[in-house]
Amino acid sequence: MHEMSLCEGVIEIIEREAQQQNFAKVRTVWLEIGALSHVEPEAMRFCFSAVSHDTIAADARFEIVSVPGAAWCMACAKTVPLKQRYEPCPDCGGHQLQVTAGDELRVKELEVD
C-alpha cells in the first residue's frame, strides 16, 4: 500500500507550509488525484486519518478532487480522454499518446487557522 507513504509526504508538505506561512491548525485539505495516478482515493482517506493523528492536520477534513485522464494524440493532433494509461486513442486507435492530465497527485489547497 504505497498510499501510506504518499500521505506521509502530504503531512510533510503541510508541516513545511505551516512553518513558512505561520499557521497552527488545518481545517481542510484538498488533494488532487488523477485517474491515471494509480492511487486509490479510499486508501488515501484511510491512510491520511492514520498518519495525521497527533499533527496539525489531525481533525482536518480530507477532500479529494478527481482529475480525469487526458492525452495528446499525435496522430489526431488533439487532446483525447483516457480512462487507463496505455489504452489506445479512442478516436483513431493509435498508441502515440502523451498524457496531459490525470497523472497528478498534489495538495491543491489548505484551509487553515
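Glycine is treated like the rest: Cβ placed from N, Cα and C.
Annotated Ni(2+) binding site per Swiss-Prot: H2, in sequence order, evidence recorded as sequence analysis. Residues or ranges marked as Zn(2+) binding site by Swiss-Prot on the basis of sequence analysis: C73, C76, C89, C92.
Here the binding-site residues are C73, C76; the one with the fewest Cβ atoms within 10 Å of its Cβ is C76.
Of all Cβ atoms in the protein chains displayed, 14 besides its own lie within 10 Å of the Cβ of C92 (Zn(2+) binding site). Apart from the site residues C73, C76, C89, C92, the chain places the Cβ of M74, A75, K78, V80, P90, D91, G93, G94, Q96, L97 no farther than 8 Å from the centroid of the site's Cβ atoms, the recorded Zn(2+) location.
In this structure, H2 is the one among the binding-site residues H2, C89 with the smallest number of other Cβ atoms inside 10 Å of its Cβ.
Across the structure, the residue listed as 'Ni(2+) binding site' and C89 (Zn(2+) binding site) place their CA atoms 29 angstrom apart.
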